[in-house]
Amino acid sequence: MESRVLLRTFCLIFGLGAVWGLGVDPSLQIDVLTELELGESTTGVRQVPGLHNGTKAFLFQDTPRSVKASTATAEQFFQKLRNKHEFTILVTLKQTHLNSGVILSIHHLDHRYLELESSGHRNEVRLHYRSGSHRPHTEVFPYILADDKWHKLSLAISASHLILHIDCNKIYERVVEKPSTDLPLGTTFWLGQRNNAHGYFKGIMQDVQLLVMPQGFIAQCPDLNRTCPTCNDFHGLVQKIMELQDILAKTSAKLSRAEQRMNRLDQCYCERTCTMKGTTYREFESWIDGCKNCTCLNGTIQCETLICPNPDCPLNSALAYVDGKCCKECKSICQFQGRTYFEGERNTVYSSSGVCVLYECKDQTMKLVESSGCPALDCPESHQITLSHSCCKVCKGYDFCSERHNCMENSVCRNLNDRAVCSCRDGFRALREDNAYCEDIDECAEGRHYCRENTMCVNTPGSFMCICKTGYIRIDDYSCTEHDECITNQHNCDENALCFNTVGGHNCVCKPGYTGNGTTCKAFCKDGCRNGGACIAANVCACPQGFTGPSCETDIDECSDGFVQCDSRANCINLPGWYHCECRDGYHDNGMFSPSGESCEDIDECGTGRHSCANDTICFNLDGGYDCRCPHGKNCTGDCIHDGKVKHNGQIWVLENDRCSVCSCQNGFVMCRRMVCDCENPTVDLFCCPECDPRLSSQCLHQNGETLYNSGDTWVQNCQQCRCLQGEVDCWPLPCPDVECEFSILPENECCPRCVTDPCQADTIRNDITKTCLDEMNVVRFTGSSWIKHGTECTLCQCKNGHICCSVDPQCLQEL
């Protein structure tokens, strides 16, 4: 309970504070009449008394005028309105009887982004707008506004939610496709007209405002109920969640692309480091490794054999190898018994009695080494070996390598009878005579390999390998043969492309009648495919149901061509690319909306009171009608009941709300028809008989500005039925059959939607946000959200009422 109170308090203080008790925030308000600076200098408009004296009111007269906001003023309006989904149109007006005119219009070229219109011809208020899918929409609200009386009108738009108030009474509340306020540059703002030639409003307007805020109707009618949160608040929350999901998907896609680019970085130049034996070296840095002089170049270690110097050594020294170094260095020597010994070398001397004495070269003198005793040997004396550098014998097969050796990498230590020596591994050669340092033999560079044609020799440490060139497959370790990807179907050509094998690869070329890069080919139709047709082969269009012809340019009249057999209780009505069976007079649909009209059932006029039989007759229901029967023996008057009033037999009258329809009572039956127009009669009603109006001022100009129509002429323009009536053009949406289905599509160049079973084909879906999708990364997606499929760059997926629909953009593929 407390949470609901807090939420309500929050909504009242923060959501409605700008309206209730605190006035309207000027940054959220567009006062149209004030900003347009209307005055005596404005042609066709003059100031008059209004409904109240608080603000100015203006009379829009029946004269040529151009009430249009300047470019700067219009842009100020649009900065407040652009990309907003919560706003209200407010106006106080008094419209001339029977006038059909535009209250305000925001449009760019022929695209009406927001237009409010009142038709006195058809007694309805219309809202024209464009949705986020860039389709035009018209919402019609039946209401008599053009009655020469004062009215307060407010139209609140909250995302996909519309509320129409008139005189502070909620008249209509609807859920529609969300209007788009993504207004492009060059959009114009008109008041009281659509443009210089059409939609002239006639009457008085006062307090014309646009409030960019929730439930702006409160400013006009403070006592109206408020709701919190609004539809736009809810849409905003869902949108934020979808945006976060989109950010996550885009981030994942960017990461995937970054990984791919990192794999291609070796094609780019950048400073690269080298690592050898745990040490990292920078670009161009050099160092000595054993008998090699190495340098880091572009991330690769390049080594050359070290050239050793040959220095002159001082007296009592000579050149000798030093542990851990490749080149010889000067080292102290000793002369003993006619031989030369280097510092640290030992030698044994045996006395005549067989006693062993050990000497070591130290400080240029052979010095006696004290004996520390020898370990006992476990081999017979015949297997014992005398050593030249030790008084202790060893057994045959002794492991000298385990004691100490100077063999470096790529060199192995080998045991001889009395010492250890170094030997280069297979595939390596010695860098000095003792084999302590060895280098790899590059069999590829020296031609010491066995790789045959169609292969490339790659050197490896101590060996080499033969790899196949691109487009070839391996036969054995040393040879490869040609690989025909076209024959083995190991190519990436489109099914509508031809594969041509080349040396080491293949080429893809689209077949005649198809366009693309070979890996993606699309059929090409020279004249295009109209009315939603699809080009499926060279100059072959697959036409949607209801159209025919090479380019699907011809509408099939299913009604006259006999393709459709409507039920006897229905009439066949042809539509562009479609048809429907409409219940005949005296019948109505039972709610099943069957395509052939089987759901049309008889209206029981007698039971529902929809008959005109007088009280002295008895109503008998008939199939598709009724009969007024006089009881036997009774003298009936033949009078009729119409709109609750008695009409005498033979009486003729004009309908109250339609002065152009004449009704008569004939023996209990009311028959109504349009007034017969006699253009020779000088008193003919030109409103009902506009075709009898000869005045040039009553002509109308077509929306394209090229065709002139006489009063009474009708035409179809952008899925709207238009009529010229005494110089005024009035247009209303073409009637479409009810579409009671979850998924529908509005084919190109058609005016009425059709039902489809596949949600991926649908462009209009009754979005149910409770239905979610689970994408390929197990991320929950809301209905309406879209994302780039993981691991791809050109596959766009969308969640449609729990169904995942994906499509590939061929142009995107070509740009990769």
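Backbone N, Cα and C define each Cβ position, glycine as well.
Record features, source Swiss-Prot:
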BINDING   440-441, Glu443, 459-460, Ser463, 555-556, Glu558, 574-575, Trp578, 602-603, Glu605, 621-622, Gly625  Ca(2+) binding site
DISULFID  Cys401-Cys413  disulfide bond
DISULFID  Cys424-Cys438  disulfide bond
DISULFID  Cys451-Cys466  disulfide bond
DISULFID  Cys468-Cys480  disulfide bond
DISULFID  Cys486-Cys499  disulfide bond
DISULFID  Cys493-Cys508  disulfide bond
DISULFID  Cys510-Cys521  disulfide bond
DISULFID  Cys525-Cys535  disulfide bond
DISULFID  Cys543-Cys552  disulfide bond
DISULFID  Cys559-Cys572  disulfide bond
DISULFID  Cys566-Cys581  disulfide bond
DISULFID  Cys606-Cys619  disulfide bond
DOMAIN    397-439  domain 'EGF-like 1'
DOMAIN    440-481  domain 'EGF-like 2'
DOMAIN    523-553  domain 'EGF-like 4'
DOMAIN    555-601  domain 'EGF-like 5'
DOMAIN    602-637  domain 'EGF-like 6'
DOMAIN    698-756  domain 'VWFC 3'
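By the count of Cβ pairs under 8 Å, the stretch nearest in packing to the domain 'EGF-like 4' (523-553) among 440-481, 602-637, 698-756 is 698-756. Between the CA atoms of Asp602 (Ca(2+) binding site) and Cys572 (disulfide bond) there is a gap of 18 Å. Counting residues 6+ beyond its ends, the domain 'EGF-like 6' (602-637) has Cβ neighbours under 8 Å at 569, 584-588, 646-649, 665, 667-670 in the same chain. Around the Cβ of Cys468 (disulfide bond), 17 further Cβ atoms fall within 10 Å across all displayed protein chains.
When DSSP labels each residue, the domain 'EGF-like 6' (602-637) comes out as 4 helix, 12 strand, 20 coil, counted as helix, strand and coil in that order. Each residue contributes its Cα atom, and for Asp555 (Ca(2+) binding site) and Cys521 (disulfide bond) those atoms are 30 Å apart. For Cys566 (disulfide bond), the spatially nearest entry among the recorded positions Cys401, Cys466, Cys508, Asn621 is Asn621, judged by CA separation. The 10 Å shell around the Cβ of Cys401 (disulfide bond) contains 16 further Cβ atoms across the protein chains shown. Of all the Cβ atoms in the protein chains shown, 17 others lie within 10 Å of the Cβ of Asp440 (Ca(2+) binding site). DSSP assigns Cys566 (disulfide bond) to coil in the three-state reduction, placing it in neither a helix nor a strand. Here the domain 'VWFC 3' (698-756) has a mean pLDDT of 78 out of 100. Rounded to a whole value, the Cα-Cα separation of Cys466 (disulfide bond) and Asn574 (Ca(2+) binding site) is 74 Å.
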